[in-house]
Amino acid sequence: MNDNKNNTVRNLLIGIALLSGISLTAKKFDLIGVQGSESGKNINQVNPNVISSKMTYGRFLEYLEMGWVNQVDLYDNSRNAIVQASSPELGNRPQTIRVEIPVGASQLIQKLKEYNIDFDAHPAEQKNIFVNILSNILLPIIFITGLVYLFQNSENFGGGSGQSPMSLGKSTARFERRPDTGVSFKDIAGIDEAKTEFEEIVSFLKEPDKYTIVGAKIPKGILLVGPPGTGKTLLAKAIANEADVPFFSVAGSEFVEMFIGIGAARVRDLFKKASENAPCIVFIDEIDAVGRERGAGVGGGNDEREQTLNQLLTEMDGFKENKGVIVVGATNRADILDAALLRPGRFDRQVTVNLPDRLGRVGILKVHARNKPLGEDVSLVQLANRTPGFSGADLANLLNEAAILATRYKKSSITKNEVNEAADRIIGGIAGAPMEDTKNKRLIAYHEVGHAITGSVLKSHDEVEKITLTPRGGAKGLTWFTPEEDQSLLSRSALLARIITTLGGRAAEQVIFGEPEVTTGASSDLQQVTNLARQMVTRFGMSNIGPLALEDESTGQVFLGGNMASGSEYAENIADRIDDEVRKIITYCYEKAIEIVLDNRVVIDLIVEKLLDKETMDGDEFRELLSTYTILPNKNIPYVSKFN
């Protein structure tokens, strides 16, 4: 049906274009038909030796006075003339000249008679009545009708949203009276606390008496906050499916368009429709696009966005109450939202959707592995242990990549090899071609083993999981460490261990090859340790300056809604002391890394030879070889090093 409608519209537009072209052509020929036909014929019928040209009316009068004009033919109600002349200037050769006669030159015929010039006036052709009607009446009507039709049906005017300009103020929210998203609470794992909050909302909608009997009121709004990929939108899909009430869904960016006032009008229209369908749920995804703090950032506020936000605040909890409308918002930038939007009465609850813990990852992997044939050697528990810091979206992508790899290798089930390769692709990037056995490859091997050795002998660092010389992404070599589950609290020794391990690659280069052979491969390592050491001094109070927070985490974020006055506020001498303390920390850690490399010089050579032979070495094999030469402590905290 849509195809037929599109064909009809296309045919109509083609017809309008053709009719307009025909009428314009007809009108053009009608206006200059005489000079384009009769006078043109006269010119074309002149002897080839005759000079043909155009002449101004003033020059024509000069020819007349000089007696050089022989004959004149008048056309188009004396608006055009074909003049036969001969001029001594051109050797008295015959000339056929076209002259445009200005309006009001009524004395021309008198002058021709006065100079005894042979002339003839040719009557204008009768205009076709159909052409007259078509050009003067029908064409403007067709043009206006076509313009109105296009204006009302064009998707381009509606900001690409499929709306006509006549309905720009209408809400673009998708409405489903009985939504079937295909997602239920059974399909959600790893975020049990958030799921419990939403199950309570569903229970309130289905059994309100159970809550109202004790004086409870249903929350007006729930704000989902968390990193990308943790399942905020998935929760919204689940509540839409489970609540069995009308559901509106819209993105925050869909409110504001190029026209002033559209955003506020769409908010009003959305809540009007929601009130008519109450009880219902309104889901606003990426609400930070419209709910950003007012008047903040460079250049102050944006009037259109702030007007939209003001309307949203009024609709959620203003003078007029929208009973039975539950607003669910989702964002990963709650820190930049306007305070008025976050207060109780608008968003009564803020549900934090964190990255899943180990048990949560196991549950998520089980959900996404339902329709995938896994080999007997695949352990979801081991995979969950290996992937701390992965979001639900990351885990879903990991199993999907493993399934794609199994298909590529023409296997009927997903084995451990595909799962491991998929994890490596997500963490490090797509594998490149193996490097040739050159000096650079040996240097990279020592660099990566330097990271692994320093990280392994430090008690506050974590276990090595894998060392590889296979290029991935922009890295020539990689050393993976298995992170601990809880990274929210890091001790000073743990931070120093990170810096020492990061500098271990450069330390190995200097010890093995000498200071003149130290390469640029540790450039990203130096950036990491400088940033970490600076945070130890300015944010964590882990230096001789004392327990002072000299810099805020959001410093420099003015374009994201931060305050212009939130920069660093300390004297120049304090800035010099900060630089000195950062330098002291990095120098100490680098000396410690060199010391560790020197103490383990023999085993480093053995491990490098094994690594060059195998390209990849797992953590167990590495520790087994290392433990024969040194005593390894118990492990604690995370890090991944890259050689660029």
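Heads up, the Cβ atoms here are built off N, Cα and C, so glycines get one too.
For the Zn(2+) site, Swiss-Prot gives His447, His451; the one candidate out of Asp357, Asp377, Asp525 that the record lists there too is Asp525. The average per-residue pLDDT of the prediction over the topological domain 'Stromal' (1-11) is 52, rounded to a whole number. Across the structure, Asp525 (Zn(2+) binding site) and Pro228 (ATP binding site) place their CA atoms 26 angstrom apart. The two recorded residues, Gly231 (ATP binding site) and His451 (Zn(2+) binding site), have Cα atoms 35 Å apart.
Distance from the CA of Glu448 (active site) to the CA of Thr230 (ATP binding site) is 32 Å. A Cβ within 8 Å of the Cβ centre of Gly226, Pro227, Pro228, Gly229, Thr230, Gly231, Lys232, Thr233, the residues given for ATP, is found for these other residues of the same chain: Leu224, Leu234, Ala330, Asn332, Val353, Ser391, Gly392, Ala393. Other Cβ atoms within 10 Å of the Cβ of His447 (Zn(2+) binding site), summed over all protein chains shown, number 27. Ranking the recorded positions Glu448, Asp525 by how many Cβ atoms sit within 10 Å of each one's Cβ puts Glu448 at the top.
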